[in-house]
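Noted in Swiss-Prot for the protein shown:
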BINDING   68, 70, 157, 178  Zn(2+) 1 binding site
MOTIF     68-73  motif 'HXHXDH motif'
BINDING   72, 73, 178, 414  Zn(2+) 2 binding site
ACT_SITE  203  active site
CROSSLNK  381  SUMO cross-link
CROSSLNK  462  SUMO cross-link
BINDING   462  1D-myo-inositol hexakisphosphate binding site
MOTIF     469-479  motif 'Nuclear localization signal'
CROSSLNK  475  SUMO cross-link
């Protein structure tokens, strides 16, 4: 029995180091290769020993797919390919290919050059890793080999994020990565067709959350920022370089312009320029409004937002600073936080999810005394606000995507166990779909029913539609046609088209049944009695008496004959084509009951 096996190496009942191993019809695919921001030891990387105990990883894995450039999805890639050892293809979209190495190098500098961490990848390893990348376009079907194919769908979330369909023959798995089902100020909503995979592997970060109105959240965010700078405080907004950063920059830029505010807004040095460059380069990945107005005005060229210099953090007076990274686990955002945390006038606004172990997660959990490096205790007096501008789907969005794709089963990753359990029950009860939520290292095995895909000719479909017999997804029905196999592909076509394509002449096949009648009259008289009887019974059918004495009802032919062994009885031969099988069977049953008594 064919089966699909799924083992999370990371992000199983957890958020961070996303890495899922999928085996489908003898092919092995690794989905994402992320890093956990809450750890500084070997636990930051997925446990690759689950992949295979014997031989090279390249011999076992057919390919690696990266959904987007966030480090919890791609951060372990150079470690995996260059230090663990993998030489096979790595698939990702063009924007991910462009941005991924920049973020990897930024993080490497923080981890190695500033913190002095060992057993970490080098700049050269990042370059060597990226040489193995094969970039894909949206909706492009890519043949990994003769049997395995992949296809990318738009995921929203961040520039270049994609959901991937992995297909081998008639079996398929869809992996969502991170996605957003609602459009925002710079990206569109995630979209996938009704692909009906055997399994949908979906993120579940906000498995129990139904978000409030986006407009209310934006108004609340602007109000809090404005109130803080009005009283002379500083606002720190930790963000990742691309994604929510651009969303909130557009929002503040518009507000500052409208209110004619002069308080400075800063963004981490260098990242605005890089972001601007990539949004220009990959403008087709943005939403419709930005694509339309891009020629007249680039929404990412900000008038009020300037590059940040480290010395600005000590400047007196109010300011707003966007600093990376978004979870306060390292880098410039953490440095600024340490400087500003002791002043109650200041505010830190966390606009996205923070994994356990990060400073961001600790302050959102209510901790106000933090043990930093060197056992130094930092007292947090500044105001802490969490405002979800996260580009992840909420519970409603996840249910919407499951309904859209119509999978046979669902598997939840990238979420917290308790929240996953709630969503699992919701999916099973409301959508009647089996749902799984394996922990890291746990394997889920799903049996699949072998099926053969059959293409249907346009002519046959048009004929069915003209008869008002279009099949429905929920109520399947039979289509009659001729099955043709060519180059291992099956097609259902009309019999006329099949004869034409195969160069064959039509031969009519008829079925004949003998019905015995007790009648001593001549054959012609018997046939006339049969005609009169059927004419009176079958008022909605075309019943004819032909010159040769035979009777027809539609395509059914009836002929009376005297059997040689008993001239006193007659045999009625009833013959029909397979199209009129129901009518032929009905007439046979009717005539077996006998003819009405003739008047004397």
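Keep in mind that glycine also has a Cβ here, set from the backbone N, Cα and C atoms.
Cα of the residue listed as 'active site' to Cα of residue 72 (Zn(2+) 2 binding site): a span of 13 Å. The Cβ of residue 157 (Zn(2+) 1 binding site) has 27 neighbouring Cβ atoms from other residues within 10 Å, across all protein chains displayed. Around the Cβ of residue 70 (Zn(2+) 1 binding site), a 10 Å sphere holds 28 further Cβ atoms from the protein chains shown. A sphere of 10 angstroms centred on the C-beta of residue 68 (Zn(2+) 1 binding site) encloses 28 other C-beta atoms.
The secondary structure of residue 68 (Zn(2+) 1 binding site), as reduced to three states from DSSP, is coil rather than helix or strand.
Taking the Cβ of residue 72 (Zn(2+) 2 binding site) as reference, residues of its chain lying under 8 Å away and at least six apart in sequence are, in sequence order, 11, 15, 16, 17, 18, 34, 35, 36, 37, 355.
Surrounding the centroid of the Cβ atoms of 72, 73, 178, 414, where the record places Zn(2+) 2, the chain contributes additional residues within 8 Å, namely 11, 15, 16, 18, 32, 34, 67, 68, 70, 177, 203. Checking the recorded positions (73, 381, 414, 462) against residue 178 (Zn(2+) 1 binding site) with a 10 Å Cα-Cα cut-off leaves 73, 414. As a whole-number mean, the pLDDT of the motif 'HXHXDH motif' (68-73) in this prediction is 94.
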